[in-house]
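Sequence annotations record features per position, and here Swiss-Prot assigns NAD(+) binding site to Trp146, Asn147, Gly223, Ser224, Leu246, Glu379 based on similarity to another entry. Per Swiss-Prot, the feature active site, proton acceptor maps to Glu245. Per Swiss-Prot, active site, nucleophile is recorded for Cys279.
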Amino acid sequence: MRDYTKQYINGEWVESNSNETIEVINPATEEVIGKVAKGNKADVDKAVEAADNVYLEFRHTSVKERQALLDKIVKEYENRKDDIVQAITDELGAPLSLSERVHYQMGLNHFVAARDALDNYEFEERRGDDLVVKEAIGVSGLITPWNFPTNQTSLKLAAAFAAGSPVVLKPSEETPFAAVILAEIFDKVGVPKGVFNLVNGDGAGVGNPLSEHPKVRMMSFTGSGPTGSKIMEKAAKDFKKVSLELGGKSPYIVLDDVDIKEAAKATTGKVVNNTGQVCTAGTRVLVPKKIKDAFLAELKEQFSQVRVGNPREDGTQVGPIISKKQFDQVQNYINKGIEEGAELFYGGPGKPEGLEKGYFARPTIFINVDNQMTIAQEEIFGPVMSVITYNDLDEAIQIANDTKYGLAGYVIGKDKETLHKVARSIEAGTVEINEAGRKPDLPFGGYKQSGLGREWGDYGIEEFLEVKSIAGYFK
């Protein structure tokens with residue numbers, strides 16, 4: 001049982017102003033595995049004050065000093081690898097192999113990318129007699145989601161530290177353990193007091209007062225659209241800068257010259273990875289009518305090989321859904337798909353056989369899906385694929401862009417000219433060609449209702465900066 005009922009404020013583990021706690025549930029066992037403080041406004045006020053007090057000092061540190069700090073973090077993060085992997089498997093239910101290969105590694109990659117971005121990043125630019133300066137924005141509030149406890153948290157922290165902005169972090173109350181380990185890492189390597197503050201709690205008690213605090217100059221949030229909208233509304237009262245990474249309903253366009261087995265394997269992975277709890281999941285798979293039958297036969301074969309089960313057992317590829325609430329939501333969407341006339345091709349409602357305990361869902365494929373159906377328009381956040389057929393490339397692109405979201409898109413095939421045309425035509429912040437993968441120095445963010453701003457690498461650093469022009473500086 002993990003007991004993390006203290007907050008990390010101004011370089012110290014301190015008692016929360018609140019006596020209440022939040023239980024953390026292992027979604028694979030449905031058992032309580034720990035608790036964290038249920039913080040309140042007083043905790044937030046204390047944390048923001050600590051960050052504000054150190055702001056000017058941290059802002060004026062040199063690039064080399066901040067690089068050295070990030071380098072220390074990288075080394076200690078690597079030392080805590082096993083602790084991070086175990087925590088994520090416990091709190092999220094991710095298979096151990098996924099916790100190590102994806103969750104742990106992505107968190108590390110962002111600290112490395114921010115450190116390395118500072119090698120060539122120009123914080124000052126001369127323009128004739130004038131000077132343009134980029135300065136740390138100030139106290140930044142970070143609110144992170146449960147589906148990627150290290151990735152989403154590390155990318156924000158790394159960028160803020162690189163920019164010279166102190167932070168107050170509110171991680172998800174459903175997966176808070178990884179953030180506590182990060183706090184321990186920062187404490188060990190000597191992150192200056194007040195630069196990093198951790199306040200555990202829920203949205204009402206911590207998220208709202210953080211978003212509304214007059215000394216917070218920037219809010220960076222990853223999560224659902226409705227919550228992002230509320231944060232924007234609260235931040236607007238004093239015109240805070242806001243960076244949002246929100247939902248998606250990403251298209252995966254399969255071209256007619258594709259290797260069908262490769263395409264089926266790739267599209268399967270994009271839907272079942274992290275139990276489908278991925279904002280960039282390619283859940284709308286667009287397939288040419290002329291290869292539909294062959295593709296579906298191979299797709300069923302690929303899905304049949306996916307092993308759902310205990311995240312601590314070797315060979316498990318897909319763990320549980322994060323909570324009963326989320327499990328019920330996934331079930332509701334599956335039932336909605338059936339009600340609206342989509343054809344259930346694989347999986348369906350309920351739990352996989354032998355997995356009655358835990359929030360396990362059946363990987364599911366719907367075919368003959370109309371893009372206007374609920375399952376094709378709304379983010380499900382579970383291992384559910386909608387297969388949509390198209391006649392020609394123009395129709396595929398039209399269907400791909402017929403969504404309120406624009407976070408990611410995918411295309412797979414052989415003809416380079418066609419691949420490039422599709423990639424440029426998809427209205428999304430990130431497009432992958434032939435499973436190329438996203439490097440941590442590339443910008444990440446969404447079009448339309450998928451968010452505002454960009455994260456990762458130097459683009460992420462810029463979210464935590466203000467731009468100042470000084471006329472006549474060199475006269």
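Note that Cβ sites are derived from N, Cα and C of the backbone, with glycine treated the same way.
Tell me what's around each of these sites.
Sequence-distant neighbours of Ser224 (NAD(+) binding site) (same chain, six or more apart, CB under 8 Å from its CB) are Leu246, Gly247, listed in sequence order. Annotation note: Ser224 (NAD(+) binding site) sits in a coil segment as assigned by DSSP.
With a cut-off of 8 Å between CB atoms and residues at least 6 apart in sequence, the same chain places Gln152, Phe221, Thr222, Cys279, Leu407, Phe444, Gly445, Gly446, Ser450, Gly451, Gly453, Glu455 near Glu245 (active site, proton acceptor), listed in sequence order.
Neighbour count (other Cβ atoms within 10 Å of the Cβ, all protein chains): 25 for Cys279 (active site, nucleophile).
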Given that the record lists Trp146, Asn147, Gly223, Ser224, Leu246, Glu379 as binding NAD(+), what is the largest C-alpha to C-alpha distance among them, in Å?
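Largest pairwise Cα separation, rounded: 16 Å.
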Tell me which residues of the chain lie with their Cβ under 8 angstroms from that of Trp146 (NAD(+) binding site), as long as they are six or more apart in sequence?
Leu92, Ser172, Glu174, Thr175, Ile322
Apart from Trp146, Asn147, Gly223, Ser224, Leu246, Glu379, which residues in this chain have a Cβ no more than 8 Å from the mean position of the Cβ atoms of those residues at the NAD(+) site?
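Leaving out the recorded residues gives Pro145, Thr222, Thr227, Gly247, Cys279, Phe381.
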